[in-house]
Amino acid sequence: LRLSNGTGPCSGRVEVKHEEQWGTVCDGDWTIQDAEVVCKQLRCGSAVQALNRAPFGEGSGPTWLYRVDCRGDEYTLWNCSHTGWGAFTCPHYFDTGVICSGFSGLHLTGGDTACSGHLKVKQEETWVTVCFSHIDFKTASVICNELQCGQAVDILRGTHFGDRHEPIWQEEFHCVGYETHLAHCPRMLHHSKTCSHDATVVCSG
């Protein structure tokens with residue numbers, strides 16, 4: 001299982017390898033429960049959106065799965081009920097897509113209070129740093145709200161990275177400001193690997 005053509009490994013067109021060939025999943029009744037299984041199987045956090053009609057472009061190869069019906073707690077996508085491998089040939093403009101959160105938690109560390117500090121998100125089992133240049137004030141507002149820390153007061157350039165080799169979150173967040181969770185904000189993959197400072201967020205508490 002993989003996600004293709006998205007902003008990173010945790011969003012994109014759903015692709016499944018069967019009999020040594022990659023193919024797609026057709027969007028009959030594609031729901032957030034189905035997307036949840038994809039995100040969990042890929043260790044990509046939780047499902048944010050289940051999309052249909054080829055939102056990440058049309059794939060190629062067989063349409064391996066059709067009318068996938070998951071409860072949400074299955075271990076793999078193909079453990080969910082479906083019509084059988086390759087049972088129905090579906091045009092690729094019905095290919096499904098998924099956007100996963102890519103992270104399973106967020107917190108502020110090293111601040112004076114629980115409501116201020118360096119922003120980190122949990123990717124699989126690791127806490128990774130978010131760059132100062134990858135968030136803005138609207139994003140900070142969403143973070144403070146999600147952490148039940150009141151209003152955003154400030155975003156500061158945190159520690160200078162220099163040559164530290166710690167993992168860095170690779171996407172920029174572009175929140176509108178009214179999202180309830182950081183995971184629901186639009187994101188863009190940031191190809192440049194450089195990050196001069198981490199982001200320090202201060203909430204009113």
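Just so you know, glycine gets a Cβ as well, placed from its N, Cα and C.
Within the set CYS70, CYS185, CYS195, CYS203, the cysteine that TrEMBL bonds to CYS131 via a disulfide is CYS195. Helix, strand and coil counts from DSSP across the domain 'SRCR' (106-204) read 16 helix, 41 strand, 42 coil. Looking at CYS175 (disulfide bond) and CYS26 (disulfide bond), their Cα atoms lie 30 Å from each other. For CYS100 (disulfide bond), the nearest of the disulfide-bonded residues CYS26, CYS70, CYS90 in terms of C-alpha separation is CYS70. Per-residue confidence over the domain 'SRCR' (106-204) averages out at a pLDDT of 90.
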